[in-house]
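Asker: Sharing a structure with you now.
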Amino acid sequence: MLSAILAIGGLGFVAGVGLAAASKIFYVYVDPLIVAVEEALPGANCGGCGFPGCSGAAEAIATGKAPPTICVGGGPATHAKVASILGIEIKEVEPEIARPGCYYGPQEADLKYIYDGLNDCRAAMLLGGGAKECPVGCLGLGSCVKACPFGALSMGEDGLPRVNASLCTGCGTCERVCPKHIITLTSNSRRVTQEYTLDQCSAPCQRTCPAGIDIPAYIDAAGRGDYLEAVRIIKEKNPFPLVCGRICVHPCENECRRNLLDEPVAINPIKRFVADFEMKSGSRIPIEKAPPTGKRIAVIGGGAEGLTAAFFLARLGHEPTVYEGKPHLGGLLRTIIPDSRLPKDVLDWEIQGILETGVTAHTNTKLGRDVAIGDLLQEGYDAVFVATGGWDSQMSEGLPTEPYQMLPGVHLLVHLSFAHMAGKAPQLAGDAMIVGCGNASIDAAHLLKTLGAQHVHVVFRGSRQESPFTDEELQAAEAQGITFHFRSAITRMFGRAGDLTHVEVASLEKYVPGQTLQQLHEQAALQHIPVQTLVTGAGRFPELIYAPVYEQRGEGDQQELVRTDHWETVVPYAGPFAEEDVGIFRPGEATTDYKAVVEAIGAGRRGAASVHKRLMGEEVAAPPGMIRRSTRVLTVDTLEPLSPQPREKMPALSPVEQMANPEAEVELGFSEEQVRREAQRCLRCGLICYRRPLQEPESLAKSA
Amino acid sequence: MHEYWLLIVGAVFVNNIILARYLGNCPFFGVSNRMDTATGMAMAVVFVITLASCITWLVEKYVLAPFGLEYLETIAFILVIASLVQLVEMFLQKSVPALYRALGIYLPLITTNCAVLGVAVLCVEEDFNFIKTLVFAFASAVGYGMALIMLTGIRERILVAPVPKHLQGLPVGLISGGLLALAFLGFLGMV
């Protein structure tokens, strides 16, 4: 008995003392912060943060390698808890949510074969990219549903995943698992800066829309009677639904697949109805905005493009200020569109809505007369976006013989010529460059020499052979000190305060469409030419972003970025319809982007997206795989038999009534019943899917 | 030498600690869902069983047997194994952090696992000498790891197969484990 007690007691004693000693000898310091942070994290190990599990994330957060907001799974509550443990302030992050991007399940879509294998999309993908004809179609085997660590996804009866928005944390696990990249994270910022790409489902109408509105989605919402949701969808791409609903040239309707059968869906009248519905309701739908970034941006021009850019900059969390030379905002919408097509009170209501999103506007403040770009940057703006308009505004105001110097060092040839004829042209100093003057290039160079320019560079997009001049003419010009740059484009301008100092010219010899500035730089195709004056043959200024240049100062750990009074220009990325996508003064840009208000709206949104990318330190370029005019997209050219259903007619004033009251609005807008009927006509197209007639029970029986 | 080969084959295949003796079922089904956790567990098991069996053999031989206290074997072994694993964990964390991270959470998990205690008790009951204990414990642990990894492979494939709803998860895992044990029955009589 005693020996037993002694033996076990002795063993226990030795073990206890041994462990106590070992805990001293083998003591390892574990930062209590790491432990505390790990306890605050959800412990789902979803990997949404990019670290190996929650313990990896906790270590990174506690050691300051990652912000407390890195946990996407936990959301704001976790961020607050983690931040309070660390005793720091958190920066709000924008909520993200998963959104499936396929609308027809395997039962409804065209199939290549019947898949009967492993119940996993990634396995099905190995067999010729899945059973669906459509290369971006959801395979419907629910890999995303199984992968979701938060149980936010489920499989609907149609074979497509459904997102439970209240459970989705935006961790992105589904996005990483989906072999087709169909289910993706979306946030307000992602949606408003999005372009349609080849690896997503898009309908012909939305690809054609210059603003890029998700047309099938808003027609679907209108058909369900959810008119305000339709307005919300439209306003993710277009802040002017009332204006566009009335005067849009609706290229979307030309591409509507119903043209193959009868008449296009009345896309635009439906937009007008839902926008009018919002206006008549007397209140505005809330506009989703990203958390404030504290960046201030000056937008030059209060027309459709400038207001659109300001609206989307506000939605992206920035603080835009619009400078408009005229007493009223609205630009050409106000000055040249008649009241019978666009009543002024409608325009005012729409502009008021844009201002309420967080846009400040200064009217009667003209660039070149009341403000200058150099001064605005000096004042502390983080960027200046120039959207001066489809027409050169100074021309439409009645040409002044002494044009205002709007952009630093940049002149329109037409202004310079008129001013010269009136004997009021400015005296030039230093070197000059000419771009886009075509046949007038050499004469323009002579004019610049007369005005005092030392040396003149002429930039041509085409080759020497393609230029409008003979070899003798070119040689004579070269002898007079004119340098020609063939197959070249101007990609950037650099300056200091109010002066242009030099220009970056890219050689396009090895250029492949779609290449970015960075890639041109790697090809050593860029050269900087000191130039103080730049003359363009275009009738208007291109839209440009002026941004301050930051300089790295100090050494080692003391390094910091210091803002200088130097600036550079950034060209907004070219939209899907641009003919060429490199450089300022692109050929065709003046004719493709400004035929219609919807094109200016598209350019304004892309301008805002470009400013946003620049401010966030991303490269300003179109998303990879963006569908361009030259891109071939999978589509269908015949429809299965569908019963024709005539398009609803827009109620309008008769010619007699129009004559009696020329101010009254001609088109009256659809009634609610018309909108419901018209929305039923929409085929809800995808790349190759569309709403087909329901199969009759008989034919099902036959095929079985 | 022949004797040791028989010992190894016997411990790994014929009298597999889990498939023939049914020890350590909890981690066998608990961590056989994913291959990386299963291999981590297998490594930890090999490490702990080998070490624990050797120490308990020494305790039996030099502490319990001299005083005729063999009846206290179970409680003494649990005590020794538990403190041993703690000690090893501290040692590894300090000296071999890489191994510590690799074994991770599995080390403390198997502190009082019945497979660990079972092998220790078996060694004593069979009256093995120290070398035989070492070989037998290592081979048993390898057999455990092998069975665990085999079941994990099966369960990973079952995960993507159409299984009736009421059998999904653990039930089908138990069935697979049972079938695996039946298959190992074929080794019976080899040694």
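Glycine residues also receive a Cβ, built from the backbone N, Cα and C atoms like all the rest.
Note: TrEMBL annotation is automatic and uncurated.
Copying in the features that TrEMBL gives for the protein in this structure:
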type	residues	note
TRANSMEM	B:6-24	transmembrane segment
TRANSMEM	B:36-59	transmembrane segment
TRANSMEM	B:71-92	transmembrane segment
TRANSMEM	B:104-124	transmembrane segment
TRANSMEM	B:130-151	transmembrane segment
TRANSMEM	B:172-190	transmembrane segment
Asker: For the transmembrane segment (B:71-92), what are the same-chain contacts with Cβ under 8 Å, counting residues 6+ beyond its ends?
Answerer: 47-48, 51-52, 55-56, 59-60, 63-64, 99-100, 103, 107-108, 110-112, 116-117, 120-121, 124
Asker: Grab the same-chain neighbours of the transmembrane segment (B:36-59) for me: Cβ-Cβ under 8 Å, and only residues 6 or more beyond its ends, written as numbers and ranges.
Answerer: 24, 27, 76-77, 80-81, 84-85, 88, 102-104, 106-107, 109-110, 113, 115-116, 119-120, 123-124, 128, 130, 133-134, 136-138, 140-142, 144-146, 148-149, 151-152
Asker: Count, for each of B:6-24, B:104-124, B:130-151, the Cβ pairs lying under 8 Å from the transmembrane segment (B:172-190), and report the range with the highest count.
Answerer: B:6-24
Asker: For the transmembrane segment (B:104-124), what are the same-chain contacts with Cβ under 8 Å, counting residues 6+ beyond its ends?
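Answerer: Distant Cβ neighbours of the transmembrane segment (B:104-124) are 17-18, 21, 23-24, 26-27, 31, 37, 40-41, 43-45, 47-49, 52-53, 56-57, 60, 73-74, 77-78, 81-82, 85-86, 88-89, 92, 132-133, 136-137, 140-141, 144.
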Asker: Where else in the chain does the transmembrane segment (B:6-24) make close Cβ contacts, counting only residues six or more beyond its ends and a cut-off under 8 Å?
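Answerer: For the transmembrane segment (B:6-24), the far contacts come to 45, 113-116, 118-119, 132, 135-136, 139-144, 146-148, 180-181, 184-185, 187-191.
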